[in-house]
Amino acid sequence: MESLGKSMARNLVRFLVLLYWISICQAAIIFQPISDSHRYAALEIFRPSNGAFGSLEETYEALRTFNILGIQEKPDISAATCKSVLEVLGSSAVLKDLFHALRVNDVLKCEIKEEIYESITSRLKSVLNDARSLLDFYYSIGSLLLLKEQSSGVDLSINDADGVFHSIKALSQSDGRWRYSSDNSESSIYAAGLALEALAGVVSLASSDIDQNMIGTVKNDIVKLFDSIEKYDNGALYFEEKVVDANEHHGPLATTSSVVRGLTTFTAVTSGSLNLPGNSIFGLAKFFLGIGIPGDANDLFNQIDSLACLETNRVSIPLILSLPATVLSLTKEDQLKVRVNTVLGSVAPQLTVKIVRAFLSASKGTSIIKGQELKFDPQTGLHVLDVLPNAYDVGNYVFVFEIVLHDSEQKDTYATGGQIQEPIYITGVVKIEKAEIAVLDSDLGSTETKKKLDLVGGSVVSLSANHLQKLRLSFQLATPQGNGFKPHQAFLKLRHESGVEHIFVVEGSGKKFEKILDFLGLVEKFFYLSGRYDIQLTVGDALMENSFIKAIGHVDLDLPEAPEKAPRPPLRPVDPYTRYGPKAEITHIFRAPEKRPAKELSLAFLGLTFLPSLGFLIGLFRLGVNLKNFPTSTLPATFAILFHLSIGAVILLYTFFWLKLDLFTTLKALGILGVFLVFVGHRTLSHLASTSAKLKSA
C-alpha cells in the first residue's frame with residue numbers, strides 16, 4: 001500500500017509539472033519549419049475514397065500538397081482521376097470545373113488529344129472577351145496559362161492584353177482591395193489576391209509588353225493593401241476580411257493565402273522592386289508556421305502552398321530560426337542549439353547566428369550574455385553554444401538572436417527577421433536544505449519538539465500536539481548558483497485517518513519557506529477530529545528537476561470535543577471501484593434431495609405398470625382382429641385409417657410425456673391432436689352407424 005501511495009505521488013508531481021509546461025507552451029509559440037509531422041498529417045487528411053478524391057479541386061489540393069512536401073508514397077489515383085479530367089475537358093462544364101481539371105492534368109499529365117485543347121482554347125478566349133466579373137477573368141486566364149504549359153500546338157496569346165489588364169484593374173479600390181464585379185460595390189482582400197494572379201496571367205500571355213505605368217499602379221495598390229495588414233504580438237502578420245458578403249467571406253488563413261499567391265505570382269512576371277514595409281514577408285511566414293498543423297484539408301493546402309510561394313518569391317525569402325530544444329538542463333550540461341532553414345526546411349545560405357543578449361524574463365534590464373557568436377557544425381547543420389556561461393542559473397530566459405549573412409548581396413534576397421526573441425527554459429537540481437518540523441507552545445512560543453527532516457531520503461517523523469500548540473514546517477530552496485528559488489507549487493497536506501484532508505500553501509521569501517499551523521484557530525476547520533494526521537509535503541516546478549511529493553510523517557492531534565452546533569466533516573467519497581467494480585460471487589444453497597425408494601422396488605413397480613398392456617396384447621391375439629366392418633369406400637376408409645393413426649399418436653404422446661415432455665407441452669399437443677381425433681372418429685362412427693342402419697332395413 002505504501003509503494004502504491006508513492007507511485008501515485010510521483011504521478012501527481014508529473015501531472016502538476018505537465019500542466020505548468022502546457023501553460024508555458026501556450027504562452028510562447030515556437031516557429032518551426034515544415035517537418036515530417038506535416039507529411040504524416042497530409043497522408044492522414046488527404047485520403048482518397050474508391051481510388052479518387054471528392055472533387056477535382058480537392059484532388060489538385062492533395063496532389064499539390066504531396067508534391068511540395070516531397071511525399072513519394074502517395075496514393076495512386078491516376079486512373080480514376082484522369083477519367084474525370086477527360087469527362088470535364090470533353091464537355092461544356094462550368095468554367096471553374098474546367099480550371100480545376102486543367103490544374104489536375106498539369107500534375108498527372110493525362111493523355112489529352114490536341115483537338116480537345118483547341119476546343120477549350122476557343123471557348124476560353126470567347127469567355128475572356130465577354131468577361132465582366134473577376135472570377136470569369138481569373139478562371140479563363142488561369143486556364144489559358146495552364147494550357148500554355150500543356151499544349152504546344154495552340155496559340156494562347158492574348159492580343160488585346162492591355163484592354164484585359166485595364167478591365168481587371170477597373171475593379172480595384174483605392175485601399176488596395178478589389179471588387180468581384182462592377183455591380184458589386186463591396187470590396188475584398190481575398191479578391192485582391194485573385195486579381196493579382198489574373199493580372200500576372202495577362203502579363204504572361206500578352207503578345208506584346210504591358211504598359212509599365214499600369215504595372216506600377218498595381219504595385220502601388222499592393223503597398224496600399226499591406227497598410228491594412230493585421231499583427232499578432234509575436235510578430236506574425238495576416239490579412240482578415242472586415243465586411244464581406246457571407247457567401248464570399250473567407251477566414252484569415254484563406255485570405256492571407258490568396259494575397260501571398262497573388263503577390264508572389266505578380267512579382268514573378270514583372271520587373272523592378274516592390275517597396276513593402278520592413279519584415280512583411282517574414283511576418284507572413286511566421287503566421288503560416290505559427291498555426292501549427294491544420295486539421296482541415298483546405299487549410300493545410302493553403303498553409304503549404306503559401307509557404308511554397310514564399311520559398312521562391314522575388315521579394316525576399318524568409319529564413320526561419322528554430323530551436324530543436326527550448327529546455328536545457330544544467331545537470332546534463334545540455335548545449336544550446338539553433339537551426340536556420342527556409343520555411344520548407346531547405347538549407348540556408350552561409351550565415352552566422354549571434355546571441356545579441358540574453359536575460360531573465362523577470363529582469364529584462366540585466367543581460368547575462370552579449371554578442372556571443374554560435375559555432376556552426378557542418379555535419380548537423382546546427383549553430384551551437386558549447387557551454388552555458390557560469391552566470392546561468394535555473395530560470396526562464398529570453399534569448400535575442402540575430403542572423404548575419406556572409407554575402408552582403410544576399411540581404412535583398414533573404415529576410416532574416418531582424419532580432420528574434422526566443423524563450424529558453426533552464427532546469428536543474430534545486431538544493432533542499434535546513435528542513436525541520438517542530439511543535440511549538442502556543443502561549444510562550446517555545447519549541448517543545450523539533451525534528452530534522454530528510455526530504456531527499458526516506459525518513460519520517462512522529463509528533464504529537466494538542467489544540468493549544470502550533471506546528472511549524474520550514475525548509476530552504478536554493479538554485480545550483482546558490483540563489484533563492486520559488487517553486488510553482490509548495491503545499492502542505494494533513495490527512496486524517498478518516499480520510500478528511502486539509503491543504504495549506506507554504507509561503508516563502510528568498511530561500512526560506514515556512515508554514516505555521518495554529519491548531520487553536522483550526523479546530524473548526526479540522527471538525528474537532530482528534531487522532532492521527534499524516535503529513536505530506538509537495539514541492540514542484542517545471543524548472544525543478546527534483547520535484548517531489550513526500551510523506552514526511554504524522555502528528556497525533558488531541559482536539560477538544562465538538563460542540564453541539566459544530567460543523568460536521570464531509571462524507572467520505574465513495575470509492576468508484578467499490579461502486580462500479582465486480583460484485584462478490586453469489587453462492588446458492590439448494591435443498592437436500594429427498595430420500596428415494598430402492599432401485600429394485602422402482603423396477604418392480606415399473607414391471608407391474610406394464611402388466612395391463614401385456615394382458616391387452618395377449619387377449620387381442622387370442623380373440624383375433626375383426627375387420628369385417630372396416631369401410632371399403634375411399635373416403636370412409638381414409639377417415640378410419642386417420643382415426644386409428646390418431647389413437648396411436650395419442651399413445652405415442654403419452655410415451656414421450658413419460659420419457660421427456662413436460663405437462664404443459666403434452667397438454668398443448670394433446671389439445672390439437674384431440675380435436676383431430678374427435679373429428680375423424682365422428683366421421684368413421686357415423687359411417688358405421690349409417691351402414692348398420694341400411695343392413696337392418698334391408
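Each residue, glycine too, has its Cβ placed from N, Cα and C.
Sequence annotations record features per position, and here TrEMBL assigns domain 'Ribophorin II N-terminal' to 34-311.
For 319-426, the entry in TrEMBL reads domain 'Ribophorin II second'.
Among the features that TrEMBL reports, domain 'Ribophorin II third' is placed at 433-557. Under DSSP, the residues of the domain 'Ribophorin II third' (433-557) split into helix, strand and coil as follows: 4 helix, 76 strand, 45 coil.
Feature annotation from TrEMBL assigns domain 'Ribophorin II C-terminal' to 590-690.
Residues annotated as signal peptide in TrEMBL: 1-27.
The transmembrane segment annotation in TrEMBL covers 601-625 (among others).
Cβ atoms under 8 Å from those of the transmembrane segment (637-657) belong to residues 630-631, 663, 666, 669-670, 673-674, 676-677, 680-681, 683-684, 687 of the same chain, restricted to positions at least 6 beyond its ends. The transmembrane segment annotation in TrEMBL covers 637-657 (among others).
Annotated transmembrane segment per TrEMBL: 663-680 (among others), in sequence order. Beyond the ends of the transmembrane segment (663-680), by six or more residues, the same chain brings 639, 642-643, 646-647, 649-650, 653-654, 656-657 to within a C-beta distance below 8 angstroms of the stretch.
Across the domain 'Ribophorin II C-terminal' (590-690), DSSP classifies residues as 79 helix, 0 strand, 22 coil.
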